[in-house]
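TrEMBL lists B:480-506 with the feature compositional bias 'Basic and acidic residues'. Feature annotation from TrEMBL assigns compositional bias 'Basic residues' to B:753-767. For B:21-423, the entry in TrEMBL reads domain 'Oligosaccharyl transferase STT3 N-terminal'. Feature annotation from TrEMBL assigns domain 'STT3/PglB/AglB core' to B:582-641. Annotation comment: TrEMBL describes B:454-506, B:753-785 as region 'Disordered'. Summarising the annotation, TrEMBL assigns transmembrane segment to B:16-36, B:86-106, B:118-137, B:143-161, B:173-199, B:205-228, B:240-265, B:271-289, B:301-325, B:370-388, B:395-428, B:522-544.
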Amino acid sequence: MAKSTSSDVLTLIRSLRSAYAATPTNLKVVYMGIVGSFPFNSFLSGVLSCVGTAVLAVCLRIQVNKENKEFKDLPPERAFADFVLCNLVLHLVIMNFLG
Amino acid sequence: MVAPVEPKPGGTLRNAFGGVLGFFILLLIGVLAFSIRLFSVIKYESVIHEFDPYFNYRVTQFLTKNGIYEFWNWFDDRTWYPLGRVIGGTVYPGLTLTAGTMWWILNSLNIPLSVETVCVFTAPVFSAFAAWATYFLTKEVKGIGSGLTAATLLALVPSYISRSVAGSYDNEAVAIFALIFTFFLYIKTLNTGSLFYATLNALSYFYMVCSWGGYTFIINLIPMHALLCIVTGRYSSRLYIAYAPLVVLGTLLAALVPVVGFNAVMTSEHFASFLVFIIIHVVAFVYFIKGILSPKMFKVAITLVLTVGIAVCIAVIAILVALVASSPTKGWSGRSLSLLDPTYASKYIPIIASVSEHQPPTWPSYFMDINILAFLVPAGIIACFLPLSDASSFVVLYLVTSVYFSGVMVRLMLVLAPAACILSGIALSEAFDVLTQSVKLQLVKLLEGPLSNSGDTKDENSTAQNDVLKADKQVATNNKTEDVKERPSKKNRKKDKENTEKAPVKSHNEKRLLALPLEASAIAIILLVVLGSLYVIHCVWAAAEAYSAPSIVLTSRSHDGLHVFDDFREAYAWLRHNTEVDDKVASWWDYGYQTTAMANRTVIVDNNTWNNTHIATVGTAMSSPEKSAWEIFNSLDVKYVLVVFGGLVGYPSDDINKFLWMVRIGGGVFPHIKEPDYLRDGQYRIDAQATPTMLNCLMYKLSYYRFVETDGKGFDRVRRTEIGKKHFKLSHFEEVFTTHHWMVRIYKLKPPKNRMKGKTKKPKHTSKPLSGARRDGSTKKNPWQ
């Protein structure tokens, strides 16, 4: 019983995670495999944009998680502001790099 | 003298004054860092130093004159003739942009400084910034006291002074600040777990990428630290926040710098960061699952995750290996390879090996460059291990890697210097803490004896006891530090003896406090102050005497006073005023940057050394006999040839001493130049015993032409010998200018004769290299015909 529950949970998490973060990247990579990576900077910025947003979202969720004891002194407002700033920088760079 | 003691009040005063005092001490440290680097301006003048700074200066001038867009598109046709060089895409723009911005700000504030002045003083200004960055970094690791000590040490460390005296306008000047600041922000992010600092960290990394090729050190060191944390079980979400955004943002930002471009994702130097990026995600995922599952279920789940993870890892590694194996140099650039394998450069790339700063350092140079820090560092390492935190483990890792790198290349001693400063700052500060604490304690006890009934003393005593309780643990742990540091001195044994002798006499709680006796700690403090003073004296000496010479103006002190040799600028000024604007000047590549910057004439090769064949062509010409050299130079459209000759005044780094490298580099591309032809029994000599090839090559002739007229014997003061061939004439070159001390000699190529005196146009290709002296120019040796 226990095993089936755990694997259920696992599959759930993994499907969620992959649906949430990795799909666009995978699509990109698949696209690259098919079409080729000629405008390499466009491809790169596309992939890194996806990865970057995913990473930042993970960071944000770690920080605003109520059960996480490590960030007691970091108010969620601050975390959100940081997240917005970071995303802003990221996407400014992406836009610049897109060529 | 005061400097090492200075940080003491900032370290202990934990009251309101502490902040203000600390601020002023920081300010003073900045002033100190700035002013100790002004010796070169005071002793010489406000000039740009050496070789590379002249190029940076020229680029900055272009930038301030033409603006940023022109700068990115700048194709320089005055160098590497006839190839030219794309400056905008091949230069690290951080330094020039910084100086250009500073100049622009000053000018818009109506402070009319010249570009040169700004360039000269960029390095000292940034060394003050670097000292402050060191303060912040060390403060994050070990507290304010250590921070101030480390900042003071960094402001003075000779290794850094050597690269950042006023006028030394080179990439390292700003890069070291960027390096330390990036590390500080990484540590700060690691300690706070704030995305804001992570963003700043990425931006600071961007600045570092702009400034110096040494940014690969950061992008390998930080992953190493992240991996270390994971392996030792110190993973936390703060580590994730510090690392993951840095990789993504940092990679993107690095790819924005033209000179790096797609290298940021394509070369092996950066793969480590991506690998650790994947690993940290796997680990984060594991921790995440561990958090939401019960321990029992986790055990079951972990096998599943492990199999998936291992499969992914294997796939990634396979891809990486395939990528790396497919690229010709395994994806590593020559300099990085010679870092991993110290013998690589000398085996395969003579042009990297020929640069003296790429060679391994000697032991004395360690003592010269970091002085007493070398002895304080072990103590600092121990201090870092007692409570080991993420931050202190980072500092230790930084030190260990930089020690290795500095052992490979003398130039990277510069990277070691901040690490050594931080660790010895920690060591010094901790030692002072322990010693002054125990002095304080002992004084209290001395007072306690006669006045045991006084409430005042009791009060004082109780506060002191509180202090002690607080510091108790620290004292206990730091005794070890103290011991290690004092080991070389014999005072240590004496102190131990005193400690055991006086232990029974002291009061009952003495044993728990583990304080040192008064005399011993007083002596130790004095010794530390003396040690610090020695360091300061050494640093000031190094700054004033050893590292301030601009190397374009030379001085020598002899019995009849001070001699100034300003021959280089004399020669460049001559070129600037007496030759046509479009004339091409050939010289060995060392003088390329200076010729373009100071004489504004087109050169064939310069210090950028991006085209080995081109340099080899010049090397071949210099080591060929006159006629074939003339043909090579003529085919390159060269009008003037410039050689540097130190034989008259004893200037050791002249072209004759560099000549073997010309032969080697030339021979690497054009095999008819053979090194043994220039050596007599494996020895390099220019006297009568020298080989005929040597005595007939162009470099010899241009250097020693008419030399015998100076003293009648032709005595070379550098080689300390009489030259081998004294009286000869030049058939294809004519001397047009020789500077006052004969240090720079400029020759003009004679125009081709109208009539070839019955000579066939196509000379035979000499089959045997034995007759090297009479070798005629063959068509093959010259790629430009």
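For all residues, glycine too, the Cβ spot is worked out from N, Cα and C.
Here the transmembrane segment (B:86-106) does not lie next to the transmembrane segment (B:370-388) in space: the count of CB pairs under 8 Å, restricted to residues six or more apart, is fewer than 3.
As a whole-number mean, the pLDDT of the domain 'Oligosaccharyl transferase STT3 N-terminal' (B:21-423) in this prediction is 83.
Of the candidate ranges B:118-137, B:173-199, B:240-265, B:301-325, B:370-388, B:370-388 contributes the most Cβ pairs within a distance under 8 Å of the transmembrane segment (B:522-544). Contact between the transmembrane segment (B:143-161) and the transmembrane segment (B:271-289) is absent: fewer than three CB pairs lie under 8 Å, with pairs separated by 6 or more positions in sequence. Sequence-distant contacts of the transmembrane segment (B:173-199), counting only residues of its own chain at least 6 positions beyond either end whose CB sits under 8 Å from a CB of the stretch, comprise 94-95, 98, 122-123, 126-127, 129-130, 133-134, 136-137, 140-141, 160, 163-164, 205, 207-208, 211-212, 214-215, 217-218, 222, 236-239, 241-242, 245-246, 249, 390-391, 394, 398, 414-415, 417-418.
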